[in-house]
Structures are given as structure tokens and as C-alpha cells.
Amino acid sequence: MIKLEQVVEILKKDNNFREISSAGEYYFNWPKEVNFDQLSYDSRKSTKDTLFFAKGLNFKKEYLTDLEAAFYVSEFDYEVALPAIIVTDVKRAMALIAANFYKFPQNKLKTLALTGTKGKTTSAYFAKSILDKMNGGKTALLSTAQTTLDGQNYFKSELTTPESLDLLEMMAKALENGMTHLVMEVSSQAYKTERVYGLTFDVGVFLNISPDHIGPVEHPTLEDYFYCKRQLLKNSRYFVANAEMNHFAIIKEELNERKIPHAFYGADSENKIIESKGLHFVTDGSVSGEFDIRLLGRFNQENALATALATKALGASFENIRQGLASAIVPGRMELLTAKNGAHIYIDYAHNGLSLENLVEVVEDHHAGQLFLVLGSTGNKGESRRKDFGQVIENHPRLNVILTTDDSNRENPKTIADEIASFVSRELDFELDREFAIKKAISKTQNSDDAVIIAGKGADMFQLKDGKREPYIGDSPAAQKYL
């Protein structure tokens with residue numbers, strides 16, 4: 001429960017309160033006592049004791065006409081019968097009010113937040129596995145792929161970083177379930193849309209940056225994308241950053257100026273990988289020793305080093321780190337299947353140019369035969385990825401490519417595929433039925449020298465079409481049918 005008086009006080013302290021509007025009158029303080037038993041931004045879940053948040057570009061006045069709620073919070077006075085708390089920024093208001101409503105669960109959990117263009121989910125699972133070794137399995141996880149609030153039962157995530165109201169509720173539930181630590185991915189959109197406003201993380205990690213999510217729906221420019229991601233820096237008590245990432249200089253400069261304790265990793269830093277072979281690697285620095293992970297590729301080893309440094313800052317021992325990394329399983333990340341003829345099938349969530357480039361390089365290094373790539377791209381978001389995908393394909397002439405459907409949403413998947421193909425000088429194959437595209441690629445393999453890469457969906461069991469998630473067999477189950 002939270003009182004209206006408390007809500008107004010929170011907003012005033014944040015310089016985010018304009019007035020209360022009711023029946024044509026305006027109030028700086030409401031004359032009566034009002035208690036809210038629930039917070040919601042979903043009209044279907046609102047009750048007479050709900051404080052409702054009217055947010056979103058597509059919000060309409062009619063949504064409030066028959067709404068059952070006590071008050072609504074908005075940047076705009078819709079002049080309906082329901083009393084309104086008018087604010088400057090409804091998203092910031094929701095974040096701070098939710099934190100108070102759920103009794104500040106973020107202060108009772110040890111939190112580790114990860115950002116970067118690629119590798120967030122893999123690193124999140126690495127970190128959870130390490131912390132579980134330290135705390136006996138009391139680590140909650142919020143990732144792009146899955147969410148667990150009790151450390152054991154997982155459900156599909158809706159967003160990389162949930163809306164602030166949902167996020168604070170999840171944190172509170174994690175505490176109720178006896179969790180002591182939380183690992184979460186923080187997207188650039190989370191900062192752009194104030195989903196993590198008011199939160200300070202115990203440890204923040206910045207893995208890398210490359211052009212992605214650039215488009216009219218997400219970030220207009222790379223600068224905006226990078227700036228939003230950098231907000232994690234000043235909202236972390238300790239910070240881990242990749243010294244080899246693009247534009248590292250400004251990160252180093254800002255960390256030093258803000259006097260935030262930190263650790264860097266990479267070839268030219270104190271913490272580095274000095275030996276790498278297959279699934280085994282050796283590190284030097286503050287976490288020095290030999291490690292094994294279940295994923296191929298140096299970039300995965302670099303992510304492992306980043307999480308080793310981050311979890312060490314939370315108290316993990318060398319053995320916690322070594323055992324945690326060795327046992328970590330990441331769904332939809334370089335999942336490996338073997339066909340009857342010995343060919344390897346790699347299923348990976350790689351959904352931007354940088355992650356696809358790294359994935360292709362690893363597979364090329366391990367397979368001398370034919371290489372097949374099954375790939376699509378999302379519709380109505382991340383439009384810049386299509387050019388990036390085309391350039392990766394162009395730069396790797398060994399790839400036999402079958403362009404297919406990803407989460408096409410409200411765009412024509414053939415139009416998306418054609419755009420990818422426009423950046424490639426050689427002929428590509430098209431099969432818009434994703435399962436048949438997978439079948440076709442596997443059927444073309446001959447022996448253990450060959451490999452198929454199925455990229456973009458990972459462990460997703462749906463395809464986004466016309467704004468709705470439609471059931472999809474999943475890349476792994478589809479591939480298993482045709483091995």
C-alpha cells in the first residue's frame with residue numbers, strides 16, 4: 001500500500017509534480033486521505049484502489065473513460081471524471097513510486113547489471129552460475145531469453161529489461177523467494193525509456209559497442225545508442241569495462257572523473273586472456289588461472305573473464321568462478337547438434353552484425369567443408385542490422401546463405417530478405433518458411449567437415465507477426481527433426 005500523500009511527496013522531491021487535476025479544479029495537495037493497494041499501467045488489471053499510469057505514445061483518452069481506478073498519473077490532463085496526478089515525466093514517476101510501493105527491494109539484493117551490443121545474455125548466465133556456486137543457488141536472473149525469480153523455475157522474458165513497475169515487483173518477489181543476488185541485462189532502451197530510473201547497481205558491466213538498434217523506433221543515431229548504454233556507468237558502484245571496445249577512451253575518462261572503482265579487461269589491460277584453445281583458456285590479472293566453458297569462441301571467453309571480474313567484486317572466490325563457468329549452460333547460444341552424417345548444426349541468438357561476425361568466424365575456424373547460414377532479420381526495429389548482415393555475408397564467401405523469416409512483425413519478410421541481399425554481390429537462396437529453410441540447409445550437408453549456422457532466434461518458440469507472438473516450433477526442435 002502507498003498513500004496519495006506519499007506519492008505527491010516522492011514526485012515533488014524529484015521535481016516531477018505539476019498538480020492534481022479533478023473536476024476542473026487544481027490542487028497542490030489533495031485534501032483527503034487516499035490509499036492505493038495496487039499500481040498498474042494495464043487497464044485490464046486496474047481496480048478501484050489502483051493508481052494507474054497513463055503512458056505510451058499510443059495512449060488514448062477513451063482508455064480512461066470506463067477505467068476502474070482511484071487516480072491516474074499522466075503528463076497530460078485528459079479531463080475525465082477520474083482525478084489526475086499531472087507530472088512532467090510519467091515513466092520516471094512510475095519508477096520511483098514503484099520502488100516505494102515495493103519497499104525498495106533493489107537495496108536488499110546484491111545486483112549485477114550487464115550492457116553491450118552482444119554477449120549480454122551469455123554473460124548473464126555465466127554470472128548467475130558463478131553466484132549460485134557462492135550463495136547456494138539464490139540468484140535471480142532477468143535476461144533477454146529467460147527470467148527466474150526463485151533461481152530454479154524459468155519463464156520466457158517479454159523485454160530485455162522489464163518496465164520499471166514490473167521490474168520492481170520482480171525484485172520484490174525474488175526477495176520473497178529467498179534470493180540474495182540478482183543478475184540482469186540492461187538494454188539501451190531501458191535507459192532511454194526510464195525503466196531503470198532511480199536504480200543503482202552494485203556492479204555494472206559494459207561488454208562492447210557496435211551500431212545496432214539504430215532506426216526510427218529505437219535510437220536515431222549511434223551517439224544516442226552509446227550514450228544510453230553509458231548511463232549504466234554512473235549508476236553503478238563498481239564497473240567492469242572491455243578495454244578493447246570501440247570508444248573505450250570516453251568510458252575510461254568518465255570512470256576516472258567520477259572516481260568509480262573499476263576493472264578493465266582486454267589485450268592491453270591488466271586482466272587478459274593469455275592462452276586460448278577450444279573450450280579452455282588461461283587468464284592473467286586479478287582473476288588469474290585456467291578456466292573451461294561450454295561455448296566455443298574467444299569472444300565467449302572474453303565474456304567469461306568480464307563476469308569473473310564482476311562476480312569477484314561481489315565476493316565470489318576463484319573456485320566459485322572456475323566451477324560456475326565450467327557448469328554454465330546458456331540456452332540458444334551456440335547450441336550444438338550433430339547430424340547423422342556428422343555435420344555440426346549451430347543454433348545461436350546472434351541477431352546483429354557483430355554477433356553474427358563472431359559466430360561465423362568461430363565456425364569457419366572449426367570446419368573446413370561447406371558452411372550454410374540460415375538467417376533473417378527483424379521487422380520494424382533494428383533496420384540497420386540488414387546492411388550489417390549483408391556485409392558479414394559478403395565478407396565470408398564460404399557461406400551458402402538461405403535467407404528466411406525472423407520476427408518480421410508488420411513488414412514483409414521477403415522485403416527484409418531482399419534488403420539483406422542487396423548488400424551482397426553473389427547469389428543467395430530464399431526460403432521464407434523458417435523450418436523448411438532449416439531442413440534445406442541440413443539436407444545439403446555431407447560429412448563432419450560441414451556445418452550449418454541457424455542464427456537470430458536462439459531458444460525462441462515464437463515468431464512476431466503483425467504485433468503478436470505466433471507459435472513457432474523453435475530452431476532447435478526444427479533442426480532435430482531433420483538430423
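Placement of Cβ uses the backbone N, Cα and C atoms for every residue, glycine included.
According to Swiss-Prot:
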BINDING   Gly116, Thr117, Lys118, Gly119, Lys120, Thr121, Thr122  ATP binding site
MOD_RES   Lys229  N6-carboxylysine
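Apart from the site residues Gly116, Thr117, Lys118, Gly119, Lys120, Thr121, Thr122, the chain places the Cβ of Leu114, Ser123, Glu185, Leu207, Asn208, Asn303, Ser355 no farther than 8 Å from the centroid of the site's Cβ atoms, the recorded ATP location. Across the binding-site residues listed here (Thr121, Thr122), the residue whose Cβ sits among the most other Cβ atoms within 10 Å is Thr122. A straight line from the CA of Thr121 (ATP binding site) to the CA of Lys229 (N6-carboxylysine) spans 16 Å. Neighbour density for Lys120 (ATP binding site): within 10 A of its CB lie 25 other CB atoms from the protein chains shown. Across the structure, Gly116 (ATP binding site) and the residue listed as 'N6-carboxylysine' place their CA atoms 7 angstrom apart. Thr122 (ATP binding site) sits 18 Å from the residue listed as 'N6-carboxylysine', taking the CA atoms of both as reference points. For the pair Lys120 (ATP binding site) and the residue listed as 'N6-carboxylysine', the C-alpha distance works out to 12 angstrom.
You'll find the Cα of Thr117 (ATP binding site) roughly 9 Å from the Cα of Lys229 (N6-carboxylysine). Across the fold, the C-alpha of the residue listed as 'N6-carboxylysine' and the C-alpha of Lys118 (ATP binding site) stand 12 Å from each other. Its own atom aside, the Cβ of Gly119 (ATP binding site) has 25 Cβ atoms within 10 angstroms in the protein chains shown.
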